[in-house]
There are 2 protein chains.
Amino acid sequence: MNDQKFNVAVVGATGAVGEQILSLLDKRDFPISRLKLLSSARSAGTNINFKGQDITVEEATPESFEGIDIALFSAGGDVSKELAPHAVRHGAVCIDNTNAFRMDPNAPLVVPEVNAEQINEHNGIIANPNCSTIQMVTALKPLQDVYGISRIIVSTYQAVSGAGTRAIDELLRQSKAVLGGTEVNPDILPVASLPVKHQIAFNAIPQIDKFQDNGYTLEEMKMVRETKKIMQDDTIDVTATCVRIPVVYGHSESVYVELKKDYELEDVRKLLTEAPGITIMDDPASQTYPLATDAAGKPDVFVGRLRRDLGENRALNMWIVSDNLMKGAAWNAVQIAEIIAAKRSARS
Amino acid sequence: MNDQKFNVAVVGATGAVGEQILSLLDKRDFPISRLKLLSSARSAGTNINFKGQDITVEEATPESFEGIDIALFSAGGDVSKELAPHAVRHGAVCIDNTNAFRMDPNAPLVVPEVNAEQINEHNGIIANPNCSTIQMVTALKPLQDVYGISRIIVSTYQAVSGAGTRAIDELLRQSKAVLGGTEVNPDILPVASLPVKHQIAFNAIPQIDKFQDNGYTLEEMKMVRETKKIMQDDTIDVTATCVRIPVVYGHSESVYVELKKDYELEDVRKLLTEAPGITIMDDPASQTYPLATDAAGKPDVFVGRLRRDLGENRALNMWIVSDNLMKGAAWNAVQIAEIIAAKRSARS
């Protein structure tokens, strides 16, 4: 141990994920020398208190990253694409929460519980996976290690916070309208940049992000591609159906997983109980299983409803819940930052 | 055609499903001679207006069914178990919306679009399947007929109205409490008769009905067993994960279905478009897919998000939505009643 400290930049500091990143850097006592808060021109000028000190948010520009050691990006893919290369040029390691570099073969896509060793292979940019992928691969990694995985079929129950603070506001506003009997006027969801909007209050919308040519949405294809990349196995068949539901924080997932070997349910339970980052909540007798409202604000991935598939003997079904802004975004990014910091401290 | 009319009894006339049955008997101009409204002692005495006439709800007793031709039951399994045999004794045909007789080998389990021919095989009782099963088998029957089905994996997104009017009240009350920042106090869901309650507002509860020894809930096992019985094929592998979400009316289902033969997606789309009781809503370009809020109050089963599975070439994924109180309960029951009435009229 030594007392090396780092110059840290948070890009998208005023967003839903940025807020959580700051909260975690504070709680975890991340070794910060200088903290730079960056945002779009629109949000620049805001003051944010960090450990008793007011920090003014500055507009992110290519030169914002001079002297920065670690830059955490969560301001949208376009911002990352434009500015991360500049941060790298200035010598920073970028941890990018957006979709910009996830499938870039030069950027490792990292969930520390799954492939922490790949952090070392970066060329300046480490990609943080999509929220719905992170919680799933964290829960499945222990099974992959012991049994191998041949197939995953997942249906998601995703919180609106995954679409940002404006989507949270929209759900609350629409819910009040429905309860009060006034007009709902969808404005943001399912996809802010697309023309058609649907009511999310008291509804379930089977579209997250834009449709691709194969009939799947981008969110679904993220789960497919990212899972293979993080688990480093292109032979795993993955199919996803991603659905937005009226929940504020916490994605839930109904996951069918087919293993390559026979298994005993008790062994699977033991494996998951001992695995890092996972909390098992699975006791039908006491009606115990993971719930989004319980997971909110917590760093762990919660797993329950473990049971053998009724058709395929080598498959099982489970229910995986995690706070999409925490393990699904901010906490996974801060975990990566901590590993980088620990490595540099050990080296110096 | 002739003008034969029937003495009809509705048991559970004051409940969520009973209300829909009465509304449909009215709208469909069901040939009623005398309408008897029955309920528990608690609700007896209520007046319900039917076609301009006030009818007083009476307490259901074994002798309530004297002279009744068709009795529609939706007052809970215990009531059906006790009273349906008496209705049969009095010569009535019972259409039972509860779980009481669904797996009884002497009672046909009928979805008219799937196995209408089995209505004839009744011994006085025809069972109406579980809501989540009805909409799924209606959508899958055309595929079974042409390709055969080897496997179904379903994850549901179920509305609270499936748990009755008290559950609807609970969702609305809890939603107001969350929005107003007051205490939520769960009281009914997930299962009124079990000790542990969970918040449903802004949450997803992976429990509908009681847990069975195999780790599945009764709702999940209903989908498994009823699907095989209605589709008359015990070799279909079915696995279900049933989840309650904060929706008032309309169950949504993410369904993976594996066919026995190769298929073309366009052929499947055509088959479903031409099939009875199904409305296809499937146009990614215009962000068109079924939504619970759109299905509410309508009799059809809505199907969308049709796409080839990414792992198994003979499988496809789809999104199936229907009003759980309509096709999932009242409308399916009234359809059966109409078929019985038409047969008797044709015979007389």
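Heads up, the Cβ atoms here are built off N, Cα and C, so glycines get one too.
Any TrEMBL annotation is an automated prediction that lacks curation.
Marked as domain 'Semialdehyde dehydrogenase NAD-binding' by TrEMBL: A:7-122. Annotation source TrEMBL lists NADP(+) binding site at A:Thr14, A:Gly15, A:Ala16, A:Val17, A:Arg42, A:Ser43, A:Ser161, A:Gly162, A:Asn324. Annotation source TrEMBL lists phosphate binding site at A:Arg102. TrEMBL lists A:Cys131 with the feature active site, acyl-thioester intermediate. Among the features that TrEMBL reports, substrate binding site is placed at A:Gln158, A:Arg244. Under the heading active site, proton acceptor, TrEMBL lists A:His251.
In three-state terms derived from DSSP, A:Cys131 (active site, acyl-thioester intermediate) belongs to a helical segment.
For A:Arg244 (substrate binding site), the nearest neighbour among the listed binding-site residues (A:Thr14, A:Ala16, A:Ser161, A:Asn324), judged by C-alpha distance, is A:Ser161. Here is what falls inside 10 Å of the CA of the residue listed as 'active site, acyl-thioester intermediate' among the binding-site residues A:Arg42, A:Arg102, A:Asn324: A:Asn324. Here the residue listed as 'phosphate binding site' is positioned 17 angstrom away from A:Asn324 (NADP(+) binding site), judged by their C-alpha atoms.
Across the fold, the C-alpha of A:Ala16 (NADP(+) binding site) and the C-alpha of the residue listed as 'active site, proton acceptor' stand 15 Å from each other. Least crowded of the recorded positions (A:Arg42, A:Arg102, A:Arg244, A:His251), judged by neighbouring Cβ atoms within 10 Å of its own Cβ: A:Arg42.
A:Ala16 (NADP(+) binding site) carries a helical DSSP state (H, G or I). Residue counts for the domain 'Semialdehyde dehydrogenase NAD-binding' (A:7-122) by DSSP state, with H, G and I taken as helix and E and B as strand, are 39 helix, 32 strand, 45 coil.
When the Cα atoms are compared, A:Ser161 (NADP(+) binding site) and A:His251 (active site, proton acceptor) turn out to be 9 Å apart. Between the alpha carbons (Cα) of A:Arg42 (NADP(+) binding site) and the residue listed as 'phosphate binding site' lies a span of roughly 27 Å. In terms of C-alpha distance, the listed recorded positions A:Thr14, A:Arg102, A:His251 place A:His251 closest to A:Gln158 (substrate binding site). A simple way to gauge crowding: the CB of A:Asn324 (NADP(+) binding site) has 30 other CB atoms within 10 angstroms, across all the protein chains here. On the 0 to 100 pLDDT scale, the model's mean across the domain 'Semialdehyde dehydrogenase NAD-binding' (A:7-122) is 97. Long-range Cβ contacts of A:Thr14 (NADP(+) binding site) within its own chain (separation 6+, distance under 8 Å): A:Ser39, A:Ser43, A:Thr46, A:Ile48, A:Val57. Calculated from their C-alpha atoms, the gap between A:Arg102 (phosphate binding site) and the residue listed as 'active site, proton acceptor' amounts to 20 Å.
DSSP classifies A:Asn324 (NADP(+) binding site) as coil under the three-state reduction.
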